[in-house]
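Student: Just lifted these from TrEMBL, have a look:
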TRANSMEM  6-27  transmembrane segment
TRANSMEM  39-59  transmembrane segment
TRANSMEM  71-92  transmembrane segment
TRANSMEM  99-122  transmembrane segment
TRANSMEM  128-148  transmembrane segment
TRANSMEM  160-182  transmembrane segment
TRANSMEM  188-209  transmembrane segment
Amino acid sequence: MDVLHFLFGVFGNATALFLFLAPTITFKRIIRSKSTEQFSGIPYVMTLLNCLLSAWYGLPFVSKNNMLVSTINGAGSVIETIYVVVFIIYAAKKEKGKILGLLTLVLTIFTGVALVSLCALHGNARKLFCGCAAAIFSIIMYGSPLAIMRTVIKTKSVEYMPFFLSLFVFLCGTSWFVYGLLGRDPFVAVPNGVGCGLGALQLILYFIYRDNKGEAKKPISAHSLEMGPEKVYQEKQSVEQV
């Protein structure tokens, strides 16, 4: 059982690393276009908080036999920090302010949890407190793409819900869910069980709408405006049928 627990931890590390690296495709597009377009920065900020809290929870003085949790989430914290910085650089002014405010809140929450657990709690109380914090924000992290899922349903397009990100949310959630069950650790199993379910929903949406071009329509040409109202109407009708 210990060997199986370790193997799922290693698999969890691998899938989590792919999950953290999956958005590189999105960020190459952001850097190339020098715009965040309609991509949301919230998932990256919430993933950063989840990584920080999970890395803290996995440390030996908080919970035993969870170093695999700490190592991958420590790496994830670095990667997500880079994403958030890039997003802030290229975001519009309004979005930039929102993400900066959320980032400040995230760092405040992590600092508060770390200080309370170090200065006021010991033993099982420390594990319970840090485990609950990590589990709560893991669920929030997994739930953050719900806004994008809503956009997918509304626009009938998966342009802003990258496939590989959805795939590795599912794989990562599943592997850590099993790891938590084998280790009898509800603080790992429960939030990742939620992640497994939400990842599956994202994949279902992707396969439903993957071939759909969405609601975007070709604009009426300026040339048609010179041909009178009747021609404009005819072109509009033809565009709407595309």
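Heads up, the Cβ atoms here are built off N, Cα and C, so glycines get one too.
In TrEMBL, annotation is done automatically, which means it is predicted and not curated.
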Student: Please determine whether the transmembrane segment (6-27) and the transmembrane segment (128-148) are in contact (criterion: at least three Cβ-Cβ distances under 8 Å, sequence separation 6 or more).
Tutor: no
Student: I need to check the long-range neighbours of the transmembrane segment (71-92): which residues 6 or more away from its ends have a CB within less than 8 Å of a CB in the stretch?
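Tutor: Result: 12-13, 16-17, 20-21, 23, 27, 30-31, 34-36, 39, 41, 44-45, 47-48, 50-52, 54-55, 58, 99-100, 103.
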Student: Could you name the stretch, out of 39-59, 128-148, 160-182, with the greatest number of CB pairs under 8 A to the transmembrane segment (99-122)?
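Tutor: Going through each listed stretch, the top one turns out to be 39-59.
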Student: Using a Cβ-Cβ cut-off of under 8 Å, list the residues of the same chain that are 6+ residues beyond the ends of the transmembrane segment (128-148) and lie near it.
Tutor: 40, 42-43, 46-47, 49-50, 53-54, 56-57, 62-63, 109, 113, 116-117, 121, 160-161, 165-166, 169, 173, 185-188, 190-192, 194-195, 198-199, 202
